C-alpha cells in the first residue's frame, strides 16, 4: 500500500476514532475540547491534501476491499479532485466551527453530545464524498440523515418537530437513492462508482436510465432543501448556531450538490436532467431570496439565503455546460466561506446583544467594530461585490446561465431569473449590515467579544477577501473537480477579471437593482408582506398528523383487553392462504415416514391430550404447566426425528417460558379460562378449527415430500471439510450464514432495549414481592447454590462442543439464562458484572470484531478465519458474541420481571 493509499484509509479511520474519543476529551477538557478537535481536523486536512497531489494530476487514489463479493459490492474509497474539494470543505469549515464552538458553549454545561455528533457528522460526510461504491455511498448518505436529526434535536423539546421534519424529508430522499442505487447497478452491471461513470453510454441506453435520473434528482433536492422540499431547512434553525453553521455551510445541504456533480458525468446535457434541475433550482433561488428579504430574524434570513444559494447551484448543474459546472464548483466553495462566516457572526451578535431580530438591533458598529467589519465582508461576498470571492463565483454563474441551451431562449430566461435572485440576495445581504450595525446605538453597554470567539469567523472572512483577487490559486483544484464532474469538457481558467463582458453587465444590473431595493426598504417590506409566505411546513404537518391518525384508527381496531381478538385475523388469514395453496396445487401423494413406529403414535396421543387439557384449563398455573408440557412433548418428537439441536433449543426455551410466566403470574392473576356458552365460544371454536385444518394441511403437503434441496446437500457435503465442524446446523449459523445471524443479533439488542423501556423495574418502579417469600423459599436458595456451578459448567461445555456436537452459543446462553432465572426465583442477587446492557454491547462488538477481522485480512466480511494450528477460529468469537447477546437479553427480562429496581439493566 502506497503512502497516498494509506492516508486515504487512515484519515476516515482517524475521524472515526476521534468521534469515539470525543466524549472522553470533553470530560477532560470541557468546552475547550473544541480546540483539540479543530487541530485534529486541520491535521487530517493537511494529510489528505498531501495525498491529493496525485488526484490533482489526474491519478485518483483508490483503495478497495471485498465486502459482499456475491453481489459485487466492495468497501472502496476513492480520492479524486471533486472528492478532495468537498473533503477540504468538510475538514476546514469543520475546524473553524469546532474552534468557534469552544467559545460559543457555556463553561459549565455538558457538551459531550454536541461535540460527538459534530465530529461524527464530519466523519459521515467524509465517508460520503470518498465512497467509491454505490452501496457505501448510500450507507454514509443515511448516516448523515440520522446524525443531522440528532444534531438538530440537541436544542431540546422545542426542536422535536423540526428535527422530525428534517428526518422524514431527507429519509424520503434516502429511499429514492436506495432505489436509484439498485437500478443503476442493474443498468451499469456494477456498484463501483468509477465504473458506473465510465459506463455512461450503457446507462443512458438502458430503459432504466430516466428512472435513475429522476430518483437521483429527488434524492438531491430533498437533501439540499429545494422547492417544494425546502421547508425543513429553516425549521432546522432551532439548532444551536455551530450546528447551523456546519450543516448549512459545508456539509448536510452540500451532500445533494455533491451527488448531482458526481453523476453529471453520466447525465450532464441530457434534456430531462437539465430541464428538471434548471427549473427547480431557479424557482427555489427566487422564492428563497424573496423569503429571506422579508425575514427579521437573522438565522431565519440566513436559512432562506442558503435555500436560495443552493437553488443557484442546482440550476447551474442543470445547465450542464462545462462553464456552468465550473461556476457551480467555485460557488460551492465561496458559499461555504461566506455562509460559515455569517452564521458564526450571527451567533456572536446573539450571544452579546441577546437578540437576532433586526428590528431591535441598531448601531452596533460603534460598540462592536470588528464584528461589524467581518459581517460587512461576508455580506458583500454574499451580495457578489468585488473584490470578494463571492463576486467571482457570481459572475461565473451568470456566464453559465447565459450559455444555457436546454430550450430556445433558455439562456435569456435563466440569466434574467439569476439576476433577479441575485438582486434580492444583494438586498438582504447588505440589509444584514445596515440593519444591525448602522443607525443610532441602542445598546451602549455592549462590547466586542474576546478574540478566540471572533477568530474563526475572521479566518473565513479573510479567506473570502484574499481569494477573490487571488482566485487563480484555486485554479488547479477547481479545474480538476470540474473534469471529474464532466470528463469530456475543457474547464475555463478561474481569474478575477474577465474584462468587459456580458456577465459584468449582469453584475452591474444586479447591484443597481439591489441598491434600489435597499433604499426602498419600507415600500419593499410592505409589498413583501402582501405576498404569500414560502410555506410547506403546515402542509407537511397536516399530512404527517393525518398519517398518524390513520395509523391510530387501524390500531384501535385491534385494541382489546384480552389477547384472543388479536389472533383472529392473522390466524384466519394464514388459514385462508394455506387452504388456497392446498387447493391450487396438485393433490399430495403418500406421506413417507410420517408415522413410523409406535413411539411416534404415543407421542402424538400425549400431545393431543395435553392440548385438550390446555383448552379446558381454568387456572393460569394449570395453563402454563400444560403449555410447557406440549413443548416438552414436541421436544421428544424432534428427538425421534433426529434433530437434537432443535430439541435442545426448544427444551431450554420452554424452561425459560415457564419462568417468565411464573414472574408474570405472581400477583392476583386474571385468566380468561374457557369462553362462555354464547357466540364467543363458537367463534373461538371456528378459529381453532380453521387453524388446525390449515396446520394439518401444511403437514400433509410438506412433510416427507421432497428430496433434500441443493443447498442442503451442499452443506451436508461441504460443512466439515470447509469449516472443520461436523454440526451442520451450527456451521450454517456461524460460518455460512453469519450475516443473517448478525442481523438477528441486532434484533435481539433492539428487543432488549424495548423490553428495558416497557417492563417495570427502573429506579422509580414500585417494589414487587419476591418469589423466594413463597412457601418454597426453603427449597430454592439451596437448590440454586447446588445447581448454579453445574449449570455454568454445562453452559461452557455446550458452548465449546457446538461446532461438532449439539450445542453452540445460542443453546449455551439459554442454559446460562436458566441459571439466571433460578437465581431470581431464589431471591439471590446476581453478580454486579452480570448486567444486560454490558452483555448486549459486548456481544454485538464481538460479533462485529469477528467480521472485521476477515475484512482486515482481505477476505469478505464475516469469513471465518483459522489461526495456525487450527485453533482458535473467528467463528468461535462470533459464537461468543451470540452467547453474550442471548444471555444479555435473558438478564434484562429476568431483572425487569423480577422487580429489580435499578437504573442499569
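Note: Cβ is positioned from N, Cα and C throughout, glycine not excepted.
Heads up, TrEMBL stuff is auto-annotated, nobody curated it.
Listed in TrEMBL for this protein:
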type: DOMAIN; residues: 68-111; note: domain 'NADH-Ubiquinone oxidoreductase (complex I) chain 5 N-terminal'
type: TRANSMEM; residues: 81-102; note: transmembrane segment
type: DOMAIN; residues: 131-407; note: domain 'NADH:quinone oxidoreductase/Mrp antiporter transmembrane'
type: TRANSMEM; residues: 137-154; note: transmembrane segment
type: TRANSMEM; residues: 166-191; note: transmembrane segment
type: TRANSMEM; residues: 229-253; note: transmembrane segment
type: TRANSMEM; residues: 300-319; note: transmembrane segment
type: TRANSMEM; residues: 325-349; note: transmembrane segment
type: DOMAIN; residues: 605-666; note: domain 'MrpA C-terminal/MbhD'
type: TRANSMEM; residues: 679-702; note: transmembrane segment
type: DOMAIN; residues: 685-758; note: domain 'MrpA C-terminal/MbhE'
type: TRANSMEM; residues: 745-762; note: transmembrane segment
type: TRANSMEM; residues: 783-800; note: transmembrane segment
type: DOMAIN; residues: 783-891; note: domain 'Na+/H+ antiporter MnhB subunit-related protein'
type: TRANSMEM; residues: 806-827; note: transmembrane segment
type: TRANSMEM; residues: 839-862; note: transmembrane segment
type: TRANSMEM; residues: 874-894; note: transmembrane segment
Practice problem: Residue list, the transmembrane segment (137-154) vs rest of chain: Cβ under 8 Å, 6 or more residues beyond ends. | Solution: 113-114, 117-118, 120-121, 124-125, 127-128, 131, 160, 162-164, 166-167, 170-171, 173-174, 177-178, 181, 193, 219, 223, 236, 238-240, 243, 247, 251-252, 255, 259
Quiz item: Near the transmembrane segment (81-102), which residues from the same chain, at least 6 beyond its ends, have a CB less than 8 A from one of its CBs?
Solution: 31-35, 37-39, 41-42, 44-45, 48-49, 52, 55-56, 114-115, 118-119, 122, 125-126, 129-130, 242, 245-246, 249-251, 254, 258, 261-262, 329, 332-333, 336, 340, 344, 347, 452-453, 455-457, 459-460, 477-481, 483-485
Quiz item: Do the transmembrane segment (229-253) and the transmembrane segment (745-762) share at least 3 Cβ pairs closer than 8 Å, excluding pairs fewer than 6 residues apart in sequence?
Solution: no
Quiz item: Taking contact to mean three or more C-beta pairs under 8 angstroms, with sequence separation of 6 or more, is the domain 'MrpA C-terminal/MbhD' (605-666) in contact with the domain 'MrpA C-terminal/MbhE' (685-758)?
Solution: yes
Quiz prompt | Number of helical, extended and coil residues in the domain 'Na+/H+ antiporter MnhB subunit-related protein' (783-891), per DSSP | solution = 75 helix, 2 strand, 32 coil
Exercise. Grab the same-chain neighbours of the transmembrane segment (300-319) for me: Cβ-Cβ under 8 Å, and only residues 6 or more beyond its ends, written as numbers and ranges.
Key: 220-221, 224-227, 230, 233-234, 236-237, 244, 248-249, 253, 256-257, 260-261, 264, 273-289, 291-292, 325, 327-328, 331-332, 335, 339, 342-343, 346, 382, 397, 400-401, 403-404, 406, 414, 418, 421-422, 424-425, 428-429, 432, 534
Quiz prompt | Reported mean pLDDT - the domain 'MrpA C-terminal/MbhE' (685-758) | solution = 80
